[in-house]
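In Swiss-Prot this protein carries:
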BINDING   Asp95, Gly206, Thr214, Glu216  Ca(2+) 1 binding site
BINDING   Gln177, Asp228, Val229, Asp231, Asp301  Ca(2+) 2 binding site
DISULFID  Cys82-Cys135  disulfide bond
DISULFID  Cys165-Cys249  disulfide bond
DISULFID  Cys196-Cys207  disulfide bond
CARBOHYD  Asn69  N-linked glycosylation site
CARBOHYD  Asn145  N-linked glycosylation site
SIGNAL    1-50  signal peptide
Amino acid sequence: MYGIEYTTFLIYLISIILFNYILKSITRMMDYIIYKFLLIITITSIFDSAQNYGINLPITGSMDVSYVNATKDEPFLTSTLCLYYPTEARTEINDNEWTSTLSQLFLTKGWPTGSVYFKEYDDIPTFSVDPQLYCDYNIVLMRYNSSLKLDMSELANLILNEWLCNPMDITLYYYQQTDEANKWIAMGQSCTIKVCPLNTQTLGIGCQTTNTGTFEEVATAEKLVITDVVDGVNHKLDVTTASRTIRNCKKLGPRENVAVIQIGGADILDITSDPTTTPQTERMMRINWKKWWQVFYTIVDYVNQIVQTMSKRSRSLDSAAFYYRV
């Protein structure tokens, strides 16, 4: 009887010792695997952080900020509309209650009070540096100015399309545009952008890479620049203003919750001729210039027709994302 008890005790003791040994072996093996993995990651990160001169960086970031998407299409009663207008409109109207008046008029078209937001901007160059379009539907009013035709056209191209962007370090790298949808977009204070195309030996074509004075000037004293160069050719860039931010961007397609309305002007802005605009229609319209009250009355009358050319999207445009997001 006592022999059986001793045997049982020894079996339990041996089992515990064996189990403890197995656990220690597994622990040592896991430690080895983890340390090995961390060592590989550390070595790899060192190589990844090294400078890599003369490469064409891939585009992986985005200037679009995603917010919660609706699970179903909602009627205008549950949508928001932002109306962007220049300061001169408020100055000319000179009525502290003018937005309240327009809100009541929008109500007659099915837009509840509080669903329409009036957003003021100083001028086209200022707005182009910091466009923020957050509503379900966004209508931008641009008063035609012959001296700002380029800024207006590039602003329309920027806000009417979605872009995938990466920051550019022009002090270390040279860049090339891979196709027609690939552009370099710069925002900031007034500056000049110059480029020097390179041959396969990375020597300048018609310019000297060490002398920016020989570079070809593609933009002069602008706040918003969408630069297009010859595809498949490496370029060295020079930006004269340090505060300007330039990004390597690719046009993804139309931003369908934005419309641009040109106010007045003998010339009509048109960006549909751009081969990257597909289909060849854009949400750009024109209203004859009269008085700002007349302009707003016209927009109220046709707001639902305008919105029907648009579609509610799950992305908003925030220039802060353009500057900082990788």
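Any Cβ shown, glycine's included, is placed from N, Cα and C.
Overlay of Swiss-Prot feature records on the structure.
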residue	record	contacts (Cβ under 8 Å, 6+ apart)
Cys82	disulfide bond	Val116, Tyr117, Lys119, Leu133, Tyr134, Cys135, Tyr137, Asn138, Ile139
Asp95	Ca(2+) 1 binding site	Thr101
Gln177	Ca(2+) 2 binding site	Lys183, Trp184, Asp228, Val229, Val230, Asp231, Gly232
Thr214	Ca(2+) 1 binding site	Cys196, Gly204, Gly206, Cys207, Gln208
Glu216	Ca(2+) 1 binding site	Lys194, Val195, Cys196, Pro197, Gly206, Cys207
Asp301	Ca(2+) 2 binding site	Lys109
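Gln177 (Ca(2+) 2 binding site) carries a strand DSSP state (E or B). Per-site Cβ counts within 10 Å over the disulfide-bonded residues Cys165, Cys207 peak at Cys165. Every protein chain shown contributes to the tally, and the Cβ of Cys249 (disulfide bond) ends up with 26 other Cβ atoms within 10 Å. DSSP assigns Asp231 (Ca(2+) 2 binding site) to a strand. All protein chains considered, the CB of Cys196 (disulfide bond) has 23 other CB atoms within 10 Å. In the three-state DSSP reading, Thr214 (Ca(2+) 1 binding site) counts as helix. Across the structure, Asn145 (N-linked glycosylation site) and Cys249 (disulfide bond) are spaced 28 Å apart at their Cα atoms.
In the three-state DSSP scheme, Asp301 (Ca(2+) 2 binding site) is classed as helix.
Neighbour count (other Cβ atoms within 10 Å of the Cβ, all protein chains): 12 for Asp231 (Ca(2+) 2 binding site).
The DSSP secondary structure for Cys135 (disulfide bond) is coil.
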